Every structure is written in C-alpha cells, then in structure tokens.
Amino acid sequence: MLDGFVPWPDHLADEYRRRGIWLGRPLGDLLHDSCRRHADRVAVVCDGHRMTYAELSRRADRLAGGLIGLGIRPLDRVVVHLPNIPEFVVLVFALLRAGAIPVLALPGHRKSEISHLCAHSGAVAYAVKDEFGGFDYRELAREIPPVRHVLVSGDAQEFTALESVGGDDVPLPRVDPSDPALFLLSGGTTGLPKLIPRAHDDYAYVMRATAEAMHVGEEVAYLAVNPVAHQAALACPGVFGSLLLGGKAVLTSSVRPDEVFPLIRREHVTVTTVVPSVLRLWADSGQRPDLSHLLVQVGSAPLDPALARRAGEVLGCRIMRWYGISEGLLTHTRFDDPEDVIMGTDGRPMSRDDEVRIVDESLNPVPEGEAGEMIARGPYTIRGYYRAPEENTRSFTPDGFFRTGDLVRRSPEGDITIVGRIKDVINRAGEKVSAEEVERQLRTHPSVQDAAVVGVPDTVLGERTYAFLVLTGAQIRTSAVKEFLRGCGLATYKIPDRIVPLDQLPRTPMGKVDKKTLRALAVSSAR
C-alpha cells in the first residue's frame with residue numbers, strides 16, 4: 001500500500017468486487033487483453049499516423065521493460081507532461097504495466113506547478129515532449145528541482161530520449177488492483193493542484209460505465225480534442241476507455257473547425273468531449289457539416305441551453321450533458337430524457353451505487369428543490385487526496401462523503417442542476433449573490449459570448465460585484481446590460497456594480513476561468 005493513499009474501507013471494496021462493480025484486475029492487464037483480442041485493428045490515430053493494437057502492446061511492454069531497467073519500481077511516481085500524441089498513450093500504458101503511477105500534468109503547466117507535482121508526489125522521473133506549441137519543455141526540465149530521470153520525446157539533448165528506453169522480455173511485476181493506477185489533478189482556481197489517486201479498480205469501472213451510458217462498444221472512435229490528461233478525454237470513456245473496448249482513439253490538439261470537421265469525417269468519429277466555448281466555436285463557424293453520427297459530451301462549464309439547441313441543429317450532432325469531478329462523481333443526461341432535461345440540467349448520477357446528498361452548511365439535507373452543496377460517495381469517488389490530511393479533513397465528511405463545493409438543485413425526478421460554487425457566492429450588503437446565476441443570464445445576451453462574475457472587497461457593501469464580458473463583436477453600453485438583466489427578472493442587488501469587457505477570460509491550466517486573476521484585475525481597476 002502506498003503511504004499517503006486513502007483506500008476504500010475493506011468491507012466496501014469486498015462488496016464492490018463481489019457484485020462485479022470492481023473487476024479485481026489492474027488496468028495494464030485489461031488493456032493488454034484488449035490488445036490481444038484486437039491485434040490487427042487500429043488503436044491510435046494522430047497526424048495521419050496509425051498504430052495497431054499489436055504495435056501499441058509491443059511498444060508499451062518494451063517501454064515498461066526499459067523503465068524497469070532504469071530502476072523505476074511499482075508505486076514509483078512519474079510526472080507525465082505530454083500533449084495529445086501517441087507517446088502519451090504508450091507511456092501511460094507502459095507505466096501501468098510496470099506498476100508505476102503516472103502523475104498527469106497538463107500541457108499548460110509550467111515551473112510552479114511541475115515543481116510542486118514532482119516534490120509532492122515524490123516523483124522519480126519527469127517525461128516531456130521536446131517542444132510543443134512554441135514552448136521548449138526541455139528548458140522547463142532544467143528549471144525544476146532535479147529528479148532521477150528526465151525522459152524526452154524527440155530531441156532529448158542532454159536528457160534521456162524516451163524512444164531509446166526499452167527492454168525486451170523483462171518480467172513485469174504483479175500489480176495490486178486496489179493500488180493507485182494514476183494521479184489526476186484537482187481543478188481548483190486557488191493554490192497548487194492536489195493529487196487525486198484513482199485506483200485500478202475504480203478507474204476501470206469508470207471506463208466501462210461511461211461507455212455503457214453512451215451505448216458505445218468496440219466500434220467507438222473517440223476524438224480527443226481536450227488534453228488527454230483531463231479525466232473526460234482520458235477515461236469517460238475517452239482514449240483509454242475506447243482502447244479497453246477495442247475502439248479507436250483519434251488524437252489532436254486543435255479545436256479549429258476547418259481542421260476538426262474533416263478529421264471527424266475522415267476517421268468516422270462517433271464520440272468527442274468539448275467544453276461549451278469549443279461547442280460555440282463550432283456552431284459559429286458558418287459551416288454546416290453532417291455530424292449526425294457524432295455524440296458530443298459537453299461539460300466542465302455551464303452550457304447555455306440556447307447554444308446546445310443551436311449546435312445540435314447546425315452540426316447535426318447529438319448533445320449529452322455531463323458533470324464530472326476528477327475526484328469521482330459523474331452525472332449525465334440520458335438519450336431518452338425530455339429535451340428540457342437534456343438542454344437545461346446536468347442529468348442524474350451515472351451509477352446506481354452513487355450516493356448523492358444535497359445539504360446545507362451543517363450537512364443537513366435541504367428541502368427538495370432548494371439549493372445546497374452536493375456531497376457524494378460511491379465505488380469511484382475517492383476517499384482522500386494523496387498526502388493531504390488537513391485538506392481531507394475539510395473536504396471529506398467523517399462517513400466518507402466528498403464535499404464537491406458545488407451548489408446544486410435536484411428535481412423530483414432526480415436531475416441535478418449546477419447553480420454555482422459554495423465559495424462563489426458574493427455577499428453584497430448582506431444579500432447573497434450566486435455568481436453562476438448572474439453569469440448564466442449574461443450569456444443569454446446576444447452580444448455576450450462568455451461571462452465571469454466575481455466579488456471584490458468594498459468598505460460600504462462588504463463586496464462589490466464585477467462582471468467581465470467577452471463580446472461577440474458589437475460593443476454594448478453598461479446601462480443596456482443592466483437593463484437586460486433586470487428584464488431577465490434578476491433582483492436589483494444581483495445586478496453587477498461594474499461591467500468590464502475583455503478580449504478573453506483568463507483560464508487556469510485546467511481550463512477553468514481563473515477568478516483569482518479576475519479579482520486582482522477588479523481590485524486594481526477600482527483604485
């Protein structure tokens with residue numbers, strides 16, 4: 001057992017295995033089995049290059065042998081800092097086979113985050129691309145505190161070339177499926193990311209259950225446009241869930257319609273995952289591709305129902321709304337849900353074994369239909385962050401529920417609607433303002449492409465409300481925006497005190513709106 005990892009209680013782990021929720025097999029073995037069953041099929045496509053399952057298995061096992069030869073042992077941590085390229089898939093597969101733990105960093109992470117991840121995880125190795133997106137990751141490797149091995153895909157210079165690491169016929173270790181398979185990162189906008197340990201048992205279940213929810217099998221062709229280090233593109237069913245099924249994973253780092261639409265048609269893509277801003281980009285492209293074969297999962301940020309309807313009409317695709325946290329819980333709409341549920345809610349929990357409660361500040365259930373914090377536990381929601389006892393005391397209840405921090409309402413039918421964040425409530429003159437509620441209304445204005453609302457300290461009101469807007473092109477007067485919000489029925493105290501146009505909203509490496517930066521901008525503009 002890895003020191004600092006919080007496992008599920010033994011009685012629950014036994015029950016999950018007895019009922020077949022957990023298979024009791026490590027992910028590396030499950031992927032290896034899929035490679036044997038589908039040896040001649042195409043597994044991975046990227047930039048015109050195609051890799052079969054047989055080649056994927058051969059490369060992964062040879063790399064696993066090489067990693068073992070470098071002294072990397074079971075439960076050792078390796079920070080993987082690669083973009084959407086085949087080497088990402090091969091390396092993660094190899095680490096799973098070797099029993100080591102990938103720590104999945106995002107392409108946008110830099111010295112602060114990577115130094116923290118290496119130190120906090122106790123990483124023995126750091127894997128990067130030589131250059132990507134105009135950035136030299138080797139220079140970053142020189143700046144962080146030393147690790148035992150730096151592995152570089154491409155021109156390694158003084159480091160170890162990832163492609164040179166290999167070992168044939170190296171015995172692979174036995175891997176305990178209850179151990180962590182990989183570390184995801186928390187997606188908060190304050191502080192450095194926390195490490196989220198996902199066990200082999202629970203993550204294999206996520207891949208199977210999300211595929212079942214979307215009614216996909218071995219014919220699935222999944223397009224990863226989000227970084228594969230994100231949970232959705234990784235495993236919902238994502239790249240690795242598709243590989244477990246025998247399907248095809250198509251990798252790209254572009255969201256441009258003129259590049260993505262031909263790729264979708266050429267590779268007969270059936271599923272992809274996007275954030276609402278990308279869906280808007282596609283819907284506003286002026287193209288009307290026939291994507292009737294495509295299911296688009298939309299999540300990670302609020303989705304305007306009008307945008308969802310328009311995207312479905314313009315692109316011809318099916319829309320499925322998802323809510324998900326890297327810590328576990330997933331909710332989604334169903335194909336047979338009424339249109340208002342699909343377009344206007346975040347659906348119901350994925351698993352019948354998810355336990356979800358909506359509670360007040362004292363953790364007491366709120367009346368049906370009222371907003372409260374969503375807390376959850378179940379067979380794929382973690383029991384604690386890695387090496388974070390103080391944070392675990394704050395984020396988990398004594399009986400094992402994870403406190404999501406999300407403010408939600410639940411309908412009588414069980415559908416969840418995210419209305420904001422517990423910490424994203426502005427206290428203006430004693431009145432509570434949900435930033436999410438105001439943002440949602442602002443996005444319905446025809447001249448507003450995106451919006452973010454923050455509160456900043458004020459000596460008179462306690463907090464003053466700032467709304468940052470990304471416009472579609474036409475300028476709009478502040479008074480017109482406020483009048484529009486009044487017309488939407490918002491209470492007067494919810495109308496933003498200040499409206500600031502921006503070319504784009506700042507975002508964290510996890511892709512979330514960076515409200516810390518926006519608050520600093522608001523404070524500086526108020527001086």
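Just so you know, glycine gets a Cβ as well, placed from its N, Cα and C.
Bear in mind that the values here come from a model prediction, so they are computed numbers and not experimental data.
As annotated by Swiss-Prot, ATP binding site applies to G187, G188, S300, A301, P302, D406, R421, K512, with the evidence given as similarity to another entry. For K512 (ATP binding site), the number of other Cβ atoms no farther than 10 Å from its own Cβ, over all displayed protein chains, is 15. Mapped onto three states, the DSSP output places K512 (ATP binding site) in coil.
Swiss-Prot lists H230, Q231, K512 with the feature substrate binding site. In the three-state DSSP scheme, Q231 (substrate binding site) falls into the helix class.
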Measuring Cα to Cα, how far is P302 (ATP binding site) from Q231 (substrate binding site) in Å?
18
Look at each of the binding-site residues, H230, Q231, A301, P302, and point out the one with the fewest other Cβ atoms around it within 10 Å.
A301
Site extent for substrate (largest Cα pair distance over H230, Q231, K512, Å):
14
Neighbour count (Cβ, 10 Å) for R421 (ATP binding site):
18
Measuring Cα to Cα, how many angstrom lie between H230 (substrate binding site) and D406 (ATP binding site)?
19
